[in-house]
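Peer 1: Got a structure here, written out as structure tokens. Questions coming.
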């Protein structure tokens, strides 16, 4: 055994403990457990009547080789011995791993109090953010608006798919584009939020996702009418909206300190099949647009003399295809680390 001014520490040298029964009644600790000790695998029991009053709820922690019991004293003082009886029980010995004399214990207590005071002083020096609630309100509203926008897109496309079947593929852009324009333009705020430190998120993955999507939406689909009635538009918009159905509610609840485990699992799991499918749809869209840009010469840039060179936009798109998959790799790596952090195995303490 060992003590501090507020606590008692008991260590029972018993391995492979099973069915421990530890209670305190009338200031007497009753112990009974099955395990492997001095008498082999057996049932061991003892009683200790404490010198002074203690709290009736002991804390027990079982390890493979021993059992540790922590008992709170009712009053903070130093005991001359553990038991009420003056003669020490034969099975009771000092725990030299935790043993301190009274002066050392007082020094330890003093150091803890000083550490606590210093921590409070440091916290008091940190200036409080007067705009904390305003920032939190903004983030909640931003994530809510985005969630509602992508929910409208997802529900609208799903209903049209059930009613019209494959015919809904060909007019997806004309039906959904206005809302998608709104949501993806608003998504530029995610980059700004990261730049000004409003959210703690890596900048590169946010830039890759937002600008990658907006390039597909505004440059390719928005500028080519020939692309707007192709079925690939349906799949691009559908995969984008499904991902955001779980991402924005997760961030919104995080702003108010709420974690819903099913939503957390979905947030860090659905991207595994959807991101490759989304990337594949975007790649198909780019490949289908290259002949159209080649025929029309749109966005191709002719440099004046003496260079007299034309930078063909289809060549830029071919380079972008490579960048697309590199960007997907960056996002995959970022999301995998996040998934491992939030859903990975955690060390469990034995009790």
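Glycine is no exception: its Cβ is also placed from the backbone N, Cα and C atoms.
Residues annotated as domain 'CS' in TrEMBL: 1-83. Annotated transmembrane segment per TrEMBL: 138-159, 206-224, 230-250, 313-332, in sequence order.
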Peer 1: How does the domain 'CS' (1-83) divide up by DSSP, counting helix, then strand, then coil residues?
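Peer 2: Here the numbers are 0 helix, 53 strand, 30 coil.
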Peer 1: Sequence-remote contacts (6 or more beyond its ends) of the transmembrane segment (138-159), Cβ cut-off under 8 Å?
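Peer 2: Distant contacts of the transmembrane segment (138-159): 168, 172, 175-176, 179-180, 182-183, 186-187, 189, 193, 198-199, 234, 237-238, 240-242, 244-245, 248-249, 251-252, 255-256.
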Peer 1: Could you please provide the mean pLDDT value for the domain 'CS' (1-83)?
Peer 2: 89
